[in-house]
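> Questions regarding the structure given below will be posed in turn.
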Amino acid sequence: MLGFVNSLMVRHSLTLVTGLFECLCFSGAVFGWASLVFLLKTEGYFSSLCVNSTGVNATQVLDCSGQDEQFSLVFTIASFLFSFLMLPNGVLFDRFGTTVARLFGISLYTSGTLMVAFSTAALSNLLFPALALMAAGGNMFLLTNLQVGILFGSHRSTVITLYNGSIGSASVLFLVIKLLHEAGIFLLPSFLFLSACSIIHLLRTFFLLPRDQIPYPLPNDYTYGITCGKSNPLSLEQITAEVYTQPTTEDVKDISVDQEKSLRECLRSRLFWWHLLWLSVMLLRHYLYIGTLNPMLQRLTAGDPSLVSWYTNAFAITQLCGVLCAPWNGLIFDRNKGKPRAEGESEQEADLRASVLSIFLTVLQCVLFSVCACIPSLPLQYFTFVLEVINRSFLFGGNAAFINVAFPLCHFGKLYGLVLALSSVFSLLQYACFALVNGPLHGDPLYVNIGVTLLILLAFIHPLSVFLHCRSLASLRAISASS
């Protein structure tokens, strides 16, 4: 019996570590676009779109705004698909289980890396399907790893937070490829190696993950992998919701009452729509910044390739801290845990009240980040990089946590996938913003940055709305207690 327990502990630990490695190195690789686009420019991708134009004092300069616009479009499509496919990929995972979903995701990711490997400057358009496939496959890696938190009982929220934080840190992959390129190793061998890493994904699929899903609550004798027995499958919605929750006896009572709210009522609530606006405007700010980082650095450094390379590396290295920043928001969210609640106050209401500070701080961080991004100062970008990675960690973690406490658990999967899908549609405006800068604004992004910053101010409505909602619930509770 002791040997069986030790064997399970070893397998759980391997699943955790390899899952973190998978998310950290592969899942969110598309967010390392700033490093990859620097490399692609040196290889001449879309260089045919660069044209000679007349600059100051009638000098001839090379205008590469068309090239930058194509690169922006590649990232826009890839980042859109990473979020939008959360819903359909979730349905696939829920319907067919872990093995089938991961095999599908691995095939997409491998196809994408092979396309990049065999692309050339003459075949630049291969980047569009290649990055889209890598985003879709990376999204599936994240989804199928969400359930791993269930294996660790009371620590499952920490595990999932780490996995979410590692998505932004996955941008280090393209930084490594960029550094290897500078050392003389070209795209073909680097991306062929990434394709060969599919063997690692396959080994995890068959040996360290279940065929269906990990059940909750976890049976004492539950095993999985190549030796797993039969277990009752759990839906994606239950898995994703439970890994963010540690239910107590009082929680169960609260949940049973809250389940009466239908999905339609959730979708019609002000909390849902203000939350969608909150996520959408800040997601647009982050995607626009990442997608336009290279042209911005080109402008601020007057085209100095060594300086552009240096700041690109600094940005990618900063992204590594995302996995460390992710748990901070969880600590703010859970600060009411263990504290006595007001008489008659439910656990859900206390959690919702505690979320106000988290979502307010997230907006405040994003405003500061956006203001710094507006200022055309090269040294200031170091501070902007730090604000960006902290805010993105707060944003993704806070999104999942808020949906979990504000709405019934039985609708979590649908609402979580839907809010990411809808916000990704809104984020497509990043390409329109980039086209506006390159066209009517003649390369000056100041007015677009100011406009996006003003748009972010609308997100302050969300914490105010939640605060007023909680105060309304408290008033109703007081009236009920006095009557």
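Note that Cβ sites are derived from N, Cα and C of the backbone, with glycine treated the same way.
Here's the feature list from TrEMBL:
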- 12-39: transmembrane segment (TRANSMEM)
- 71-93: transmembrane segment (TRANSMEM)
- 100-120: transmembrane segment (TRANSMEM)
- 126-146: transmembrane segment (TRANSMEM)
- 158-177: transmembrane segment (TRANSMEM)
- 183-203: transmembrane segment (TRANSMEM)
- 271-290: transmembrane segment (TRANSMEM)
- 310-333: transmembrane segment (TRANSMEM)
- 354-378: transmembrane segment (TRANSMEM)
- 390-409: transmembrane segment (TRANSMEM)
- 416-440: transmembrane segment (TRANSMEM)
- 446-468: transmembrane segment (TRANSMEM)
> Are the transmembrane segment (12-39) and the transmembrane segment (390-409) close enough that 3 or more Cβ pairs fall under 8 Å, when only pairs 6 or more apart in sequence count?
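Output no: the transmembrane segment (390-409) is apart from the transmembrane segment (12-39).
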> So which of 12-39, 126-146, 183-203, 416-440 is most in touch with the transmembrane segment (271-290), counting Cβ pairs under 8 Å?
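The stretch I would name here is 416-440.
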> Sequence-remote contacts (6 or more beyond its ends) of the transmembrane segment (310-333), Cβ cut-off under 8 Å?
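Sequence-remote neighbours of the transmembrane segment (310-333) are 24, 31-32, 34-35, 38, 157-158, 161-162, 164-169, 171-172, 174-175, 178-179, 293-294, 297, 301, 351, 354-355, 357-358, 361-362, 378, 381-382, 385-386, 388-390, 392-394, 396-398, 401.
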> Report the listed stretch (100-120, 126-146, 354-378, 416-440) having the maximum count of Cβ pairs within less than 8 Å of the transmembrane segment (12-39).
126-146
> Cβ under 8 Å, sequence separation of at least 6 from the ends of the transmembrane segment (446-468): give me the contacting residues as numbers and ranges.
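Result: 270-271, 274-275, 277-278, 281-282, 284-285, 288, 352, 355-357, 359-360, 363, 366-367, 370-371, 373-374, 376, 406, 433, 436-437.
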